[in-house]
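Asks: Here's a structure for you.
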Amino acid sequence: MGGVALDVGDSRVKAPDGGWGWAVLAGCFVITGFSYAFPKAVSVFFKELIREFGVGYSDTAWISSILLAMLYGTGPLCSVLVNRFGCRPVMMVGGLFASLGMILASFATSIIHIYLTAGVITGLGLALNFQPSLIMLNRYFSEKRPLANGLSAAGSPVALCCLSPLGQVLQYQYGWRGGFLILGGILLNCCVCGALMKPLVAPKNLKAKSLEEDNDKEEEGKEEKKKPKAKLLDFSVFKDGGFVIYTVAASIMVLGLFVPPVFVVSYAKELGNEDTKSALLLTILGFIDIFARPTCGIIAGLKWVRPRCVYLFSFAMLFNGVTDLIGSQAKDYASLVVFCVFFGISYGMVGALQFEVLMAIVGTEKFSSAIGLVLLMEAIAVLVGPPGAGRLLDATKKYMYVFLLAGSEVVLSAVVLATCNFFFIKRKPQDPSHKLECITVTDDTKTEVCSRPSEVNDEEEKGEREEQEKETKREASKELKEEEEKDKEKVDEVRPKSVTVDSQEVEKFLKEPQLNGGVTPSPETCL
């Protein structure tokens, strides 16, 4: 889907898998942390806002809900902007919006003003940073992409561990208005992260080849004019059965995925534990999450695991759902600690794999549109999941049913993803004659075999790179052949010319008797 993206570059450009990609990964780490942790960190100021504006807790909770809704719901808008203007300018403008929203919120005179500034404007700014950063990460990493996704996803728990204490300090020292103002300045770092997203540029030799190809295409001309314009939002991804299955499963998963972290502290308080002791559960969960995400990224990058990363993702969701179901039976603080440890592991696995699996399904070209459409579907589930669990809690007055509901939803999503991929997404059997893409003859005795048809989108990119390397090898082999032919011509010139002998003279020479010690004159002996 390239659209008219300014930073997509040539589709033949090899992903560096390092180099400047590590700088892109660092920017993605920071952006992911801001995007996921900021809505939770703002909740530190809720008590002050309740006092200032005389509203209830449910009214202030809408700030975090609006932030998440903007982060997920503006996915298609972000896809269009990225395909039109490129990742770097969109991210830098998004950083300005995120900062401006918090700065304006510091001057708010009502809760509605905070909804519009800290909720809508800052949420839009974070969305304009989050999605393009994932797109750039997908372009810079191919073989090491699972590890890169795991490391970038670790930004969420790290930022949460940093922003929540920072928010408490700012509230104590400067009040909520000063805290919002300082947080707005901190969000300007999104512009710095956006500046790191350098577009990939084709090497000079590829540029020359592309220019030659363009000249050839200009001669044909008429066919190119008939081609339709590139789309800014490619809905053809819905024709891919794997993408549809992933979208449905992810939407079901989000219904219950975020419920336990929201209610686990209240669950601990309900069992009679102190506030500080109950809040420690989230710290334990976040600490485990920090190490679970990169570790899962390393495992997903293993040679025999990566082609089956969809099933690893299904296992992660199943693990998370079963943890919720077992945790619903917790009766004391120790059991809740064990629950948070296992939930942190499974939650980290899901966070590290969710976008890696999507990249593997749709590929690099369509990822910018696919992620926007997936986030839009998840936005609906995000707005329905936690409020629905809250209503269930109001009706039953028992946290057990809340955790049972969340666990059953996540388990259902795992079953949908695994079974549908197993039964409906089948690999086509390959004929023996089509096991290889091509065979290039390079010598009378040597043949060069190209790569097999790829089972994963990344292997297709490797095939393109190998073809480029093989073209250079062919040119080198041609030069060697020409040199060998020249050497042969020189040797032929040095050799003496062959002497021709008449057959009649040879017969005559053989019939005539020779005298002892004498030499019969003949054409050969005369020479």
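Backbone N, Cα and C atoms are what each Cβ position is placed from, and that goes for glycine too.
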Asks: Pick from 87-106, 107-126, 147-166: which range does TrEMBL record as transmembrane segment?
Replies: 147-166
Asks: For the domain 'Major facilitator superfamily (MFS) profile' (21-425), provide the mean pLDDT of the predicted model.
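Replies: Here the predicted model's pLDDT, averaged over the domain 'Major facilitator superfamily (MFS) profile' (21-425), is 84.
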Asks: Against which stretches of its own chain does the transmembrane segment (147-166) lie, if we need a Cβ under 8 Å and a gap of at least six residues from its ends?
Replies: 21, 25, 28-38, 40-41, 44, 133-134, 137, 140-141, 283, 286-287, 289-290, 293-298, 300-301, 348, 351-353, 355-356, 359
Asks: Please give the sequence-distant neighbours of the transmembrane segment (243-268): residues at least 6 beyond its ends with Cβ less than 8 Å from one of its Cβ atoms.
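Replies: Residues 237, 277-279, 281-282, 285, 310, 317, 320-321, 324, 327, 330, 333, 336, 339-340, 343, 347, 350, 354, 357-358, 361-362, 370, 373-374, 377-378, 380-382, 384-386, 388-389, 393, 399, 402-403, 405-410, 412-414, 416-417, 420-421, 424-425.
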Asks: Look over the recorded stretches 20-39, 60-82, 309-327, 399-425 and say which has the most C-beta pairs under 8 A to the transmembrane segment (367-387).
Replies: 60-82
Asks: Between 178-197, 280-302, 309-327, who has the most Cβ pairs under 8 Å to the transmembrane segment (333-355)?
Replies: 280-302
